[in-house]
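What TrEMBL says about this one:
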- 1-249: domain 'Deacetylase sirtuin-type' (DOMAIN)
- His110: active site, proton acceptor (ACT_SITE)
- Cys118, Cys121, Cys142, Cys154: Zn(2+) binding site (BINDING)
Amino acid sequence: MSTTIAVLTGAGISTSAGIPDFRGPDGVWTKHPDQMSVYDIDLFLHNKEDREYSWRWQKESPVWNAQPGAAHKALVKLEQAGMLSLLATQNFDALHEKAGNSSDVIVNLHGTIGTSHCMKCHKQYATADIMAHLDEEPDPHCHRRLPYRGDMPCNGIIKTDVVYFGEALPDGAMEKSYERACKADELWVIGSTLEVYPAASIVPVAAQAGVPITIMNMGSTQYDRLATRLIHDDIAVALPKLVDETIAKG
Ligand SMILES: NC(=O)c1ccc[n+]([C@@H]2O[C@H](COP(=O)([O-])OP(=O)(O)OC[C@H]3O[C@@H](n4cnc5c(N)ncnc54)[C@H](O)[C@@H]3O)[C@@H](O)[C@H]2O)c1
Ligand SMILES: [Zn+2]
């Protein structure tokens, strides 16, 4: 049996794909604290202007337009080698999906921008379809016809599946992450300050279960003391290298 690796990724894996992190020196919130309102569920639910702003911002932001980089592709290689048992991510940029990792291993702890839902009837939409018509419909609503309402359109508010502030994490996301992280031979944390809970708690939970932990992050994290290996290099270079070494060892 080859080694199995559980991976937790954060904003730092996507900075080289052109998406700034939130809390780093060039972070979105460091520079523009007002941008936090883009992902505020109360504002989104109650004000048309805030919904329009949130949709427009998401369409124009690099989160929507970015393409996976070398580090994302390295994790596809790890899965293809049969060694990746979990890819839990705090990112909602859908870059792990775009790179080619499978839904079997990906857990989007903070949701994803790739899909959207009607908040009333729960119909799923591809966010790409909604973005394509955003100029005509800046505050997207559900057009599904409801037979039980005389074929009237549902007209519910549509929202991307990004977890906004004030919303719960997707069902089962933490449970699956804890379970797979605790069963893995190693846990790798890639590009996260480990400040956001409950996502960060995967690290102490896995450590408690005796899983060796690698933290790859330019800056320090609050769980550095639990790590058996710390790598302070650029993820775009260091992760492909670590994956190749790990596959070579088997
Ligand atoms: N891409 C995205 O989807 C995205 C982007 C920003 C923020 N977020 C959200 O905001 C929260 C951010 O928390 P977080 O812990 O993921 O990120 P964070 O912004 O708190 O921390 C990112 C860390 O990555 C490090 N880093 C950045 N670029 C690096 C590189 N090239 N090589 C090595 N290290 C690098 C920084 O030093 C920093 O410590 C998450 O909850 C996430 O949902 C998502
Ligand atoms: Zn609907």
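The backbone N, Cα and C atoms fix where each Cβ goes, and this holds for glycine too.
Neighbour count (other Cβ atoms within 10 Å of the Cβ, all protein chains): 20 for the residue listed as 'active site, proton acceptor'.
The Cβ of Cys121 has fewer other Cβ atoms within 10 Å than any other of the binding-site residues Cys121, Cys154.
Separation of the C-alpha atoms of Cys154 (Zn(2+) binding site) and His110 (active site, proton acceptor): 27 Å, rounded to the nearest whole number.
Excluding Cys118, Cys121, Cys142, Cys154 themselves, the residues of that chain whose CB lies within 8 A of the CB mean position for the Zn(2+) site are, in sequence, Met119, Lys120, His122, Lys123, His141, His143, Arg144, Leu146, Pro153, Asn155, Gly156, Ile158. In this structure the C-alpha atoms belonging to the residue listed as 'active site, proton acceptor' and Cys118 (Zn(2+) binding site) are separated by 18 Å. Proximity of the binding-site residues (Cys121, Cys142, Cys154) to ligand 1: a Cβ under 6 Å from the molecule is found for none of them. Listed recorded positions: His110, Cys118, Cys121, Cys142. Those with a CB atom under 6 Å from ligand 2: Cys118, Cys121, Cys142. As a whole-number mean, the pLDDT of the domain 'Deacetylase sirtuin-type' (1-249) in this prediction is 94. Of all Cβ atoms in the protein chains displayed, 20 besides its own lie within 10 Å of the Cβ of Cys118 (Zn(2+) binding site). For Cys142 (Zn(2+) binding site), the same-chain residues lying six or more positions away in sequence with a CB closer than 8 A to its CB are Cys118, Lys120, Cys121, Lys123, Pro153, Cys154, Asn155, Gly156, Ile157, Ile158.
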